[in-house]
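Engineer: Pulled the feature table from Swiss-Prot, pasting it below:
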type	residues	note
COMPBIAS	377-397	compositional bias 'Basic residues'
COMPBIAS	407-427	compositional bias 'Basic and acidic residues'
CROSSLNK	239	SUMO2 cross-link
CROSSLNK	327	SUMO2 cross-link
CROSSLNK	364	SUMO1 cross-link
MOD_RES	97	omega-N-methylarginine
MOD_RES	290	phosphoserine
MOD_RES	295	phosphoserine
MOD_RES	300	citrulline
MOD_RES	365	phosphoserine
REGION	369-427	region 'Disordered'
């Protein structure tokens, strides 16, 4: 595929070059601003919306009244009466089943948007300029690998087509049939509730046919899936950039292609079919930044590059890195060695002291055993226990003590001793 500049070849209905050339209109060199295209597309698309709203009575067609406080239930209004499940249920609130929605929609919403005329023209210029770049067109998914040239211009004889078979044959000759096959392959069922609203099927977009006069071309192309037809005097950004994305594959008739300079003008001459309008200017005449920066004018103004290399030294922690510590303090090695030796010496002293104490304790216990005349018995842990000495039981405490305690014997009543008066016999 060729992207010819500044002349464009005109192709015949047989798909071959007719030998005629057309000068590339200046609008194809306009700045491409995807942000403006997206903004204009978003706002213009809102103008197709139809007002909708819920009923003003929805959710309020019941006799409900709050029960007030003191019943340990929420204070939401409740349906009156009895004998049915509905009685006592909450009503009116947006949190209730059968209640109204929050902030019910109204028909007096601001549905439509006004867009500046200059902005709309800028967006159309950007969309047309993007349609001439094969990379952008292919990024949109159009199958233009075999198309001979972009922009693709055909003779005006095509505007007189009235049969669909003629249009299909033309697309085959121009190698644009692959884009139509892509549309057929993409036909599928819509997701969501649009299926119930006469929008069951969706499909991809195909080529956009732009003509100057309708001599039957609309009837010839309108039944081919994915095809969009536009009059060059009534270009629509919603069709040139579907979804707000630039890069639609466009097929032009020769007269429509020649008319673009009159519609949008050149930078040297204003548009003749529009009142005081000219193409938007580029912010940069030359967008090749590398070429600009390497130009002798800029290089002359720049200073020579500094080639001195400053190596960044990694600072290491001397408390964790012995090599760095020895660089800072060579005596640190001697200090560390002395510390290790002192720790080893202290450890040996502790071990010897513990061994001497154990030996003294052993000798003392042997002495006591010899005095008692009993042979000492060595226990499991190396301690000597006296033979014949019973181990005292620990006193029981709590419930165990109460369970094992023997009941005290019942005390007999003490017999009274006779007093001196009782001992004396009666006279």
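Backbone N, Cα and C atoms are what each Cβ position is placed from, and that goes for glycine too.
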Engineer: Between the Cα atoms of residue 290 (phosphoserine) and the residue listed as 'citrulline', what distance do you get, rounded to the nearest Å?
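Structural biologist: A Cα-Cα distance of 15 Å.
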Engineer: So which of the recorded sites is most packed in, judged by how many other Cβ atoms lie within 10 Å of its Cβ, out of 239, 327, 364?
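Structural biologist: It comes out as 239.
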Engineer: Going by Cα-Cα distance, pick out whichever of the recorded positions 97, 239, 295, 327 is nearest to residue 365 (phosphoserine).
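Structural biologist: Its closest listed neighbour, by Cα, is 327.
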Engineer: Between the Cα atoms of the residue listed as 'omega-N-methylarginine' and residue 300 (citrulline), what distance do you get, rounded to the nearest Å?
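Structural biologist: So the alpha carbons of the residue listed as 'omega-N-methylarginine' and residue 300 (citrulline) sit roughly 78 Å from each other.
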Engineer: Can you figure out which of 239, 295, 300, 327 (the recorded positions) comes closest in space to residue 364 (SUMO1 cross-link), comparing Cα atoms?
Structural biologist: 327
Engineer: Expressed to the nearest Å, what is the distance separating residue 239 (SUMO2 cross-link) and residue 300 (citrulline) at their Cα atoms?
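Structural biologist: It is 49 Å, counting Cα to Cα.
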Engineer: Rounded to an integer, what is the Cα-Cα distance in Å between the residue listed as 'citrulline' and residue 327 (SUMO2 cross-link)?
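Structural biologist: Cα of the residue listed as 'citrulline' to Cα of residue 327 (SUMO2 cross-link) measures 49 Å after rounding.
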Engineer: Output, ordered by sequence, the same-chain residues six or more apart from residue 295 (phosphoserine) with a CB under 8 Å from its CB, or 'none'.
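Structural biologist: Long-range Cβ contacts: none.
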Engineer: Quick one: give me the count of other CB atoms within 10 A of the CB of the residue listed as 'citrulline'.
Structural biologist: 7
Engineer: Including all protein chains shown, what's the count of other C-beta atoms within 10 A of the C-beta of the residue listed as 'omega-N-methylarginine'?
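Structural biologist: There are 9 of them.
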Engineer: Where among the modified residues 290, 365 do you find the Cβ with the fewest other Cβ atoms within 10 Å?
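Structural biologist: Taking 290, 365 as the modified residues, the minimal 10 Å Cβ count falls on 290.
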Engineer: May I ask you to report the DSSP-based helix, strand or coil state of residue 295 (phosphoserine)?
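Structural biologist: Residue 295 (phosphoserine) sits in coil per DSSP, no helix or strand.
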Engineer: Sort residue 365 (phosphoserine) into helix, strand or coil using the DSSP assignment.
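Structural biologist: The three-state answer is helix.
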Engineer: DSSP secondary structure for the residue listed as 'omega-N-methylarginine', reduced to helix/strand/coil, please.
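Structural biologist: Where the residue listed as 'omega-N-methylarginine' sits, the three-state DSSP reduction gives coil.
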